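Trainee: Have a look at this one before I ask anything.
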Ligand SMILES: N[C@@H](CCC(=O)N[C@@H](CS)C(=O)NCC(=O)O)C(=O)O
């Protein structure tokens with residue numbers, strides 16, 4: 001059960017915010033859901049959009065501009081929050097890349113984070129059950145995408161759970177968190193200092209172990225400030241080549257890391273998922 005916090009008419013559908021009690025995260029969680037009017041069928045495919053560092057469920061809905069195309073394609077788009085929330089939830093004050101707003105879509109094992117920072121369980125379990133219970137969703141047709149930290153979430157959660165998320169794409173994803181500062185900081189504190197525990201959350205490692213039957217779409221701006229230090233898409237490209245994973249990596253000339261970049265290519269991603277989920 002979730003409470004409807006707001007509902008706004010948008011491109012012939014409704015942009016909603018829900019709030020519910022999350023057992024996985026031990027707090028109240030919000031999520032945004034765009035639900036197109038369903039004219040011909042009772043249920044629609046779903047695209048889960050995972051946001052990046054510092055975001056809530058609101059950033060994608062106000063800045064990515066996906067609603068017009070989602071309405072045209074008859075696609076439900078769901079954007080969860082990026083971490084547990086609330087005064088009782090531990091945080092790292094003044095650190096934008098750890099704690100609240102930086103859940104990294106994993107299940108923490110270390111104190112004090114392990115009580116609440118369980119975004120992997122949240123997205124793969126509770127969130128999907130909530131979508132099924134609250135929305136006119138066809139749960140056999142769910143895809144996943146995300147931006148930056150959310151791109152890391154989309155890639156890893158798809159590779160680990162291809163039966164839940166049938167299609168996958170990402171915008172400027174963190175593809176090798178075990179090798180870059182954002183990832184090393186988060187993984188060592190949420191999971192402990194032993195790097196062997198981190199591999200299950202590294203898309204480049206996962207794809208080498210078990211490539212997906214689904215082709216992966218990645219867009220990456222060449223003018224992204226984080227490109228060389230944090231993102232390094234060529235590590236993923238190399239892993240995909242070596243494991244036989246089908247990948248379309250598009251280096252987009254002059255685009256940065258912002259939602260101007262995401263909003264430019266979101267239509268391509270929605271069409272990519274809709275074609276594969278409805279084909
Ligand atoms: N300087 C940035 C660093 C974090 C960042 O770039 N976050 C990206 C995702 S990794 C984002 O989507 N920020 C929120 C927004 O642009 O609306 C900030 O503090 O917002």
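Each Cβ is built from the backbone N, Cα and C atoms, and glycine gets one as well.
Whatever TrEMBL says is automated annotation, not expert-curated.
Straight from TrEMBL, here's the annotation block:
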ACT_SITE  148  active site, charge relay system
ACT_SITE  224  active site, charge relay system
ACT_SITE  257  active site, charge relay system
Trainee: At the level of the C-alpha atoms, what whole-angstrom distance separates residue 224 (active site, charge relay system) and residue 257 (active site, charge relay system)?
Mentor: 5
Trainee: Name, in the order they occur in the sequence, the residues of the same chain whose CB lies under 8 A from the CB of residue 148 (active site, charge relay system) and which sit 6 or more residues away.
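Mentor: Correct list: 52, 53, 171, 172, 173, 174, 226, 231, 257.
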Trainee: So if I draw a 10 Å sphere around the Cβ of residue 257 (active site, charge relay system), how many other Cβ atoms end up inside it?
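Mentor: Other Cβ atoms within 10 Å of residue 257 (active site, charge relay system): 21.
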